[in-house]
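Chemist: Have a look at this one.
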Ligand SMILES: *Cc1c(COP(=O)(O)O)cnc(C)c1O
């Protein structure tokens with residue numbers, strides 16, 4: 001079938017995969033629109049946008065042309081002492097799109113590293129202001145911020161990797177999302193208790209993704225932002241998953257800003273930044289954060305610099321992706337997807353073994369109860385011609401925004417069918 005598959009597989013190490021027992025991965029030969037073509041000629045409709053990146057679908061001609069043009073003139077050049085137009089334009093455009101004075105952009109190549117940079121910014125911000133004791137970070141249950149050591153320490157302690165690497169990670173402070181009055185008092189108390197040792201609070205605004213598609217409202221987010229201001233803490237909004245329209249606004253933190261005019265101090269972006277084509281991430285700081293690094297002292301500078309920082313191909317792809325947000329009705333498409341997900345996944349609530357159905361923007365999640373055979377569910381979805389990959393307790397859809405209504409119906413019908421089959425066996 002594919003002469004590269006068997007010999008290659010004996011040398012590949014796959015992510016989050018028990019290599020002894022996991023079913024063989026599917027060989028992919030092409031992607032187009034919302035479809036993934038396999039080596040045997042089958043096509044799968046992608047329900048999860050390649051880990052939430054491919055918001056315009058695959059092989060969008062506008063992004064491809066931008067990358068090809070960039071490839072011919074300047075694919076990459078080191079970013080220390082040198083700058084280039086794709087990065088300069090992109091920084092300017094991100095600053096214009098983000099709320100308030102979020103205006104200084106530091107480029108990296110992955111989401112985890114963007115969060116690491118945000119943590120460095122937060123800790124060094126206080127150090128530069130003469131408060132070097134402010135070093136610890138508050139994170140939330142069900143949160144996910146990456147797989148590197150500093151970011152693992154900010155992921156949900158049970159769903160994340162805390163037990164595997166206990167003792168090897170920094171010890172940070174977990175909070176519950178303050179969604180009611182009692183929890184709000186507890187949150188305030190926590191911030192007071194740790195007081196002068198805290199540097200920042202980090203949150204995935206409105207939707208906690210990899211920790212299980214948990215959702216909270218804008219009032220909760222606004223409360224957290226206000227609490228950070230009261231306790232003199234920086235607020236880091238990890239919009240790596242929520243950014244670029246996924247929750248219905250360009251950025252999820254806009255919803256809290258509309259309620260109470262609160263803007264995070266630092267925002268992390270990645271995933272859909274290049275429309276799912278090339279790896280790129282950005283950590284964007286407000287003016288007062290950037291200004292804390294300005295001094296007649298080299299030691300006050302931000303000490304970070306990835307080799308492939310601000311890769312020109314990736315920046316060109318991201319600029320082309322932003323063009324598409326301007327020229328095509330992406331947020332209207334997200335609103336239509338939201339309505340369709342609510343209507344077509346809603347009936348899953350009545351199935352045995354379903355705990356809850358949650359929808360926000362172009363995210364639809366069905367949380368399961370009882371025994372969950374992830375490999376069997378995943379295999380069944382592929383048999384039905386859809387690429388849906390449940391994890392933990394959730395079966396979820398996060399389709400490309402360009403998906404046609406019929407294709408989305410194929411996805412939601414597959415979810416209902418697979419969960420109906422499962423309900424019969426419970
Ligand atoms: C995916 C993700 C990350 C990590 O990004 P990588 O590019 O995989 O390192 C961090 N935060 C959130 C919210 C994410 O969804």
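Just so it is clear, glycine is given a Cβ too, placed from its N, Cα and C backbone atoms.
Pulled these from TrEMBL:
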- 51, 144, 271, 305, 389: substrate binding site (BINDING)
- 111, 112, 238, 306, 307: pyridoxal 5'-phosphate binding site (BINDING)
- 271: N6-(pyridoxal phosphate)lysine (MOD_RES)
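Tell me about the surroundings of these features in the structure.
Modeler: Same-chain residues at least 6 positions away in sequence with a Cβ under 8 Å from that of residue 144 (substrate binding site) are, in sequence order, 155, 156, 159, 160, 204, 208, 209, 210, 211.
Here residue 307 (pyridoxal 5'-phosphate binding site) comes close to 78: these same-chain residues lie at least six apart in sequence, with C-beta atoms under 8 angstroms from its C-beta.
Around the Cβ of residue 271 (substrate binding site), the same chain contributes 51, 52, 53, 111, 240, 241, 243, 244, each under 8 angstroms and 6 or more positions distant in sequence.
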Chemist: Taking the binding-site residues 111, 112, 238, 306, 307, which residues show a Cβ-atom distance to ligand 1 below 6 Å?
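Modeler: If the test is a Cβ under 6 Å from any atom of ligand 1, the answer is 111, 112, 238.
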Chemist: Over all pairs within 51, 144, 271, 305, 389, the annotated substrate binders, what is the largest Cα to Cα distance, rounded to whole Å?
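Modeler: Largest pairwise Cα separation, rounded: 34 Å.
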Chemist: In Å, rounded, how far does the Cα of residue 306 (pyridoxal 5'-phosphate binding site) sit from the Cα of residue 389 (substrate binding site)?
Modeler: 31
